[in-house]
Every structure is written in structure tokens, then in C-alpha cells.
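The block underneath contains the structure these notes are about, expressed in C-alpha cells.
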Amino acid sequence: MNKEERAKRQSKIRNFSIIAHIDHGKSTLADRILEKTNALAQREMKAQLLDSMELERERGITIKLNAVQLTYKAKDGEEYILHLIDTPGHVDFTYEVSRSLAACEGAILVVDAAQGIEAQTLANVYLALDNNLEILPVINKIDLPSADPERVRQEVEDVIGLDASEAVLASAKAGIGIEDILEQIVEKVPAPTGDSEEPLQCMIFDSLYDPYRGVIAYIRVVNGTVKVGDKVRMMATGKEFEVTEVGVFTPKTTQRDELTVGDVGFLAASIKNVGDTRVGDTITHAKRPAAEPLKGYRKLNPMVFCGLYPIDSARYNDLRDALEKLELNDSALEFEPETSQALGFGFRCGFLGLLHMEIIQERIEREFKIDLITTAPSVIYKVYLTNGEDFIVDNPSNMPDPQTIDRVEEPFVKAAIMVPNDYVGAVMEICQGKRGTFIDMQYLDETRVTLTYEIPLSEIVYDFFDQLKSNTKGYASFDYELIGYKPSKLVKMDILLNNEQVDALSFIVHRDSAYDRGKVIVEKLKKLIPRQQFEVPIQATIGNKVVSRSTIKAMRKNVLAKCYGGDISRKRKLLDKQKEGKKRMKSVGSVEVPQEAFMAVLKMDDN
């Protein structure tokens with residue numbers, strides 16, 4: 001293409017994404033848009049088309065972002081190229097959202113006509129505003145009996161401050177209002193700015209690994225043009241490659257000769273090493289490089305850490321390969337090798353939150369067929385010693401001796417919880433139980449309130465989300481951001497089985513709730529650990545002090561079965577002999593800890 005053709009084509013490109021809270025109908029709307037623009041033959045259409053991961057379809061949530069190119073003939077008779085970038089809505093996957101928004105000029109904000117604005121709707125809107133996107137409100141599910149579009153329209157204006165007078169009323173399920181949405185995109189979303197003659201700048205917003213073609217980068221071209229055969233350089237790593245193919249997704253991958261300004265597509269350059277392409281990096285030409293990289297999005301720091309160990313220790317290297325491949329298109333995952341006396345070799349992994357941790361775990365088990373044992377999640381603590389040293393602890397077993405500690409600080413988050421009036425009491429109770437400090441309470445309208453609390457991150461990590469959902473019948477929604485570290489009275493609790501410490505069961509707990517936690521865990525382990533041939537004491541200890549103890553009784557054979565009646569001293573002899581044998585066994589026996597026992601430390605639902 002020459003310069004004029006490129007400029008004309010550029011003016012017809014519209015890049016947009018869809019943002020919404022979980023379950024407000026985002027993936028269904030994406031399906032309808034694909035249908036309306038005839039992206040696929042009718043027989044290829046299936047629900048949640050862009051959710052390509054088996055896990056996403058099963059849980060009904062979007063985890064990874066996805067990009068597709070569509071053509072749409074608008075009412076003005078012109079043909080437009082639309083790039084739809086689908087995003088997840090769950091709080092753990094906000095970074096996926098910020099990545100896709102960085103590649104767009106506009107966003108469709110989907111709000112449920114019955115439920116109105118939720119916490120993550122707001123969080124995603126703020127991300128979109130940070131990226132200066134044109135936001136088009138769409139009120140979805142207007143065919144529901146409980147829908148109240150006028151109230152929601154008012155809410156969008158009051159809470160977010162967007163003009164919602166032209167908000168499209170739609171029902172993705174019934175296919176109502178889809179054309180109006182497409183017309184609004186063409187009309188209101190600006191065309192990409194950028195110059196196809198400038199030095200090349202492409203932003204990598206995702207990537208995946210193909211065993212035959214190497215790493216495939218998902219890119220958005222900001223300036224310049226990239227063709228097959230070009231020598232390109234990754235600006236962060238300085239590595240150079242020759243482009244072997246470029247193309248777009250029309251959900252299926254379709255090869256093209258070149259990608260130019262505004263295009264969203266993929267680039268393969270037989271990149272074999274997973275670490276050479278970092279998400280957020282800028283690709284430029286090797287011969288005529290851009291002066292500076294694009295402003296990437298910030299590197300996310302993991303908040304929650306846990307150990308992952310293969311059940312079969314021979315698969316340690318397979319687990320490393322699996323983590324490397326997942327890390328490639330999940331920039332928020334971090335891992336490093338660690339060893340445990342109880343579990344052998346494995347990895348300490350960092351995640352954004354509990355859902356993120358569960359998903360990664362499930363993906364490893366499914367996609368790579370590796371059975372895992374996971375240890376209790378913990379957060380990063382700052383430990384200050386009496387001799388003036390300070391260091392960071394992300395694994396409870398690295399906690400120093402309590403006598404040497406001056407103070408321990410833990411991360412706190414500011415949690416914004418949106419909840420209907422009737423459940424305010426229940427939510428406050430949960431937050432106080434989690435050592436939360438009340439900050440603020442604001443009414444959104446007559447029926448809904450936003451509560452703001454400061455809560456230690458370690459309390460949210462356990463089962464805060466589950467408790468919140470179950471005590472508010474699923475109506476509460478919540479979003480959190482890290483605000484920094486504060487000192488807390490924290491102690492490390494160790495679990496001893498048969499007088500031996502099991503390092504993988506240690507956890508850090510607040511001194512006030514240590515006794516209760518210890519008691520619950522000891523009782524749980526007593527139920528979960530199978531009986532042995534000898535009796536096994538279970539102890540929860542802080543330093544040298546035993547906080548709670550219980551004993552798993554030994555299994556024993558009835559050695560008196562052969563004695564009919566007979567002399568008591570004969571029976572005594574047999575019983576004493578058995579006792580002696582059990583004692584010997586106890587001194588050499590080791591206790592197998594089942595996976596459920598490690599999970600019990602996580603799920604503290606009994607207290």
C-alpha cells in the first residue's frame with residue numbers, strides 16, 4: 001500500500017474493548033458483535049466464542065484478553081475495520097484489562113440493567129479514563145423482568161459522571177441494540193493517530209507459545225509499518241529477530257503482508273526463548289529504530305505467594321517449563337525454585353490474588369498434566385530485627401527467631417465494598433472480624449452503599465471473598481488497592497507431627513487469633529491425617545510454646561483374639577509386647593501428610 005491508501009485505511013479503523021463487572025454480559029455482547037459483522041459462518045458460532053480457554057468456558061469467566069478484527073458496513077455506506085479486544089472483569093485480572101485498554105481508543109462500558117454499577121465496573125472505568133479512552137455506556141439485559149434502565153442511566157451519570165443520555169439500551173442475549181452499538185463505535189471512537197512513515201513502534205500486549213512457530217506476539221502498531229522479512233528489535237531486551245509472519249485474528253489467524261498504524265494483530269519471528277518477548281515491550285526496526293519505547297504499562301507486583309510442588313518429584317523440570325510458558329503471557333506471575341523438607345523440590349510462586357492462584361494451578365494441572373501440591377498462601381512481610389537489620393519474608397518458614405524480632409509490618413489494602421443496604425451490618429461484621437478499620441461510608445442511591453475499609457492483605461487472602469459473597473447472597477462486590485505497610489502483632493505458628501516440624505504447614509498469624517487458629521488447625525489435621533500403626537501427636541507451637549495439641553490414636557491388631565479365657569498375665573504379656581513394638585515403630589516411623597491437610601490450613605471456615 002502507498003501512503004495515501006494507508007492514511008485512508010487508518011481513518012476507517014476503530015479500536016475498542018468491552019469493560020464490565022463479572023456477569024454483566026460482556027462475552028455474550030462480544031458474540032453478538034461477531035455475529036452482526038459476519039465474522040464467522042453461522043455453524044462456527046458458539047457461546048463465549050472469545051473465551052478460548054477450556055477453563056474460561058467452564059467457569060463462565062474471561063481470564064485472558066483476546067483480540068479480533070472485524071469489518072462492518074456502517075449506515076453511511078463506508079466499510080470500517082473494527083478491532084475488538086475482549087477483557088476480563090475479575091479483580092485479580094485487572095492487569096489484563098489495563099493491557100487491552102492500552103491498545104484501544106475507545107471502550108464500551110457494559111452495565112447490567114438490573115444490578116447497576118458494581119465495584120469492578122468502577123475500577124475498570126478509572127483504568128479507561130487513565131488511558132484517555134472514549135467511553136460508550138451500554139445498558140445491557142433490558143429484557144430482564146427486574147431491569148430498570150432509567151435508574152441505571154441515572155446511576156451512571158451520578159456515580160461515574162458520564163453523560164448517559166445517549167446510552168444504548170441493549171440485550172446481548174436477545175440481540176437488541178447491537179447495531180446501535182456498532183454505529184456509536186464508528187461515530188464516537190476516534191481513529192488511531194500515528195504515522196505509517198515514522199520509525200516502527202509496536203506494543204506487545206500479549207503473547208503465546210507455539211511449539212512450531214516459537215513465540216507469537218500480539219501487537220498493536222502505534223507508528224510505522226511492519227512486513228514479513230523485516231529485521232526487528234525488542235527494545236527492552238535488545239534482541240533482534242527476522243519477522244516470519246504477520247497477520248490478524250478474524251477470530252482465526254489470517255496472514256497478511258504488512259501491519260500498519262492502528263492494526264491489532266500478531267507477529268511471529270521464530271523467537272525460541274520465552275524470555276525474549278516481555279509483555280509491554282516495544283518492537284521497532286533494527287535498522288531504523290524508534291527514539292524511545294512506548295509508555296508500557298507498569299509491571300505488576302504479586303501480592304500473594306505460595307509454594308507449588310509436583311506430587312511426582314521427577315516432574316520438577318516439567319513444572320519449570322510449564323511455569324515459564326504461563327509466565328510468557330501472564331506478566332504478573334513470578335516464580336523461583338525452593339525446597340521443603342516435607343515436599344522436596346518445587347517453586348515459590350507469586351500471584352495477584354487467590355483466583356489468579358487457583359487458575360494458574362488449574363492450568364498447570366490441565367494443560368501440562370502435572371499433579372501439584374500447594375502450600376498455604378502468604379503475603380510479603382517486612383521484618384525489623386533488634387540489631388537494626390530489616391528484610392522481607394514471603395515464606396513463613398524464613399521467619400527469624402521471635403527473640404530477635406523488633407517489629408513486623410504487613411501490607412494493608414484499602415477495600416471498597418459496594419453492597420445493598422440490607423447487608424451493611426453483615427459486611428461490617430466480616431470486616432471487623434478480619435481486623436479491618438472503618439474509613440468511610442457513602443450512599444450511591446437509596447438502596448446501595450459503598451463501604452471503605454483498611455484491611456490487612458493477609459486477611460483478604462484467605463476466604464474474605466467467599467465470606468463476603470455468602471453473607472450478602474452474592475450481592476456485594478469489592479475492589480482493593482494496596483496502600484502500604486503497617487506494624488502488626490504477628491507470630492509464626494509451626495505445626496509438629498510426631499514431634500517433627502512440617503515446614504510446609506507453617507503460617508504467620510496475628511497474636512490475638514493465634515490460639516483459635518491453632519486449635520482449629522490441629523482438630524482439622526486430626527481428621528485428615530490417616531491413622532498410623534503408632535500414635536501421632538499433633539502440636540501447634542509459637543516459638544517453644546505449645547498452643548494446642550491433639551493425638552491421632554494408633555491402629556492396633558487385637559492380639560488377644562487367640563486367648564480363650566485364660567490367665568491375665570498371659571494377656572498382659574501379649575499387650576506389653578505389642579506396646580513395645582509400637583514404641584519402636586514410633587521412633588523410626590514417618591507420617592505421610594495428604595494434600596487435603598495442606599489445603600486445610602487455607603480454608604479456615606470453622607472459626
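Backbone N, Cα and C atoms are what each Cβ position is placed from, and that goes for glycine too.
If you check Swiss-Prot, you get these features:
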type	residues	note
BINDING	Asp23, His24, Gly25, Lys26, Ser27, Thr28, Asn140, Lys141, Ile142, Asp143	GTP binding site
DOMAIN	11-193	domain 'tr-type G'
Neighbourhood of Gly25 (GTP binding site), C-beta criterion under 8 angstroms, separation at least six: Val110, Asp112, Asn140, Lys141, Ala172, Lys173
Sparsest-packed of the listed binding-site residues (Ser27, Asn140) - C-beta count within 10 angstroms: Ser27
Predicted model, mean pLDDT over the domain 'tr-type G' (11-193): 73
Helix, strand or coil at Asn140 (GTP binding site) [DSSP, three-state]: strand
Conformational class of Gly25 (GTP binding site) under the three-state DSSP mapping: coil
Ile142 (GTP binding site): tally of other CB atoms within 10 A of its CB: 19
